[in-house]
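Undergrad: Relevant sequence annotations retrieved from Swiss-Prot are reproduced here:
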- 68-231: domain 'SIS' (DOMAIN)
- GLU96: active site, proton donor (ACT_SITE)
- GLU127: active site (ACT_SITE)
Amino acid sequence: MTNVFADLNLHPSDNRGHLLTEKVNPKSECLDQLTTESLVTLFCEEDREPQRAVAAAIPELIQAVEAITDRLRSGGRLFYLGAGTSGRLGVLDAAECPPTFCSDPDLVQGVLAGGSAALLKSSEGLEDIEQLGKKDLEERDFSPADCLVGIAAGGTTPYVKGGLAYAKEINALAIAISCVPIEQAELPCSIDIRLLTGPELLTGSTRLKAGTATKMALNILSTCAMVRLGKVFGNRMVDVAATNIKLMDRALRILHDLADVDRVRGTELLQASDGSVKVALLMHTCGLDAETAQKLLIEHNNQLRTALARCKNCIA
């Protein structure tokens, strides 16, 4: 029978017990003896830590948003790279960008060790192959114009370190997200986001607080970058892709809220604009046809507010 432990080629120096994410949380040492009420209460109280951790990383998050926006505005793409929970969170955030912001599916991509199969069935062993991170990026034509966010809660994942090292090697933007102090694990990157959520209630289970903080950070990075790119007007997702009943309703409500357009007229405008809320707003507000409205948007880098400012009697 194959000795899987021998195959892993572990060494005494591989002990990860010093990492913050692997330490024992004294608040939960009697976790298995708690009542259901006490369990739920403890988890709710401990889940305040991700918010504190993300708030402490605001300076690095600002730097990352601005750098990502610059790259995307210049034609680059954003990649999330990770294994296990970290990789799945990247895939989740990337998958939400096209319906929310009508972005090209290639603009924001989630790269998970093990590929799509690892979304449903764990392939955690692949995270130990450092060269695989580089290989997965190369297969997607990752270039110096692009951005990489490497996600590794414990800061030691070889797959992620390999991807980040490759990004730095070719002068792409390399951003790291981890949940341990830099003195415990260094990562090759230009922007280092440390979300120090502390030991997990279930020791080592970084799908908990570390995962929550990571998801919050990814929400901030993608959403703020899209805001800076002009895909939002006020707090409305004016680049929403009206691809189902819920999103069509949202598009119609945006038209009503911003331009007092009733649902019948709104439907007509969306049909004429091929589902574009921005074009529909310009058509209605400025009395333009769809083609002219689209050209006006392009002239203003798809920034609705500046395009509206060119029109008389506009709502900007």
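Here the Cβ of each residue, glycine as well, is placed from N, Cα and C on the backbone.
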Undergrad: Measuring CB to CB from the residue listed as 'active site', give everything in the same chain under 8 Å that is also at least six residues away in sequence.
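TA: Counting only residues 6 or more apart in sequence, the Cβ neighbours of the residue listed as 'active site' under 8 Å are ALA83, GLY84, ALA113, THR157, PRO158, TYR159, VAL160.
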Undergrad: Please average pLDDT over the domain 'SIS' (68-231) for the predicted structure.
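TA: The predicted confidence over the domain 'SIS' (68-231), as a mean pLDDT, is 96.
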Undergrad: Count the Cβ atoms, other than its own, that fall within 10 Å of the Cβ of GLU96 (active site, proton donor), considering every protein chain shown.
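TA: So the Cβ neighbour count for GLU96 (active site, proton donor) comes to 16.
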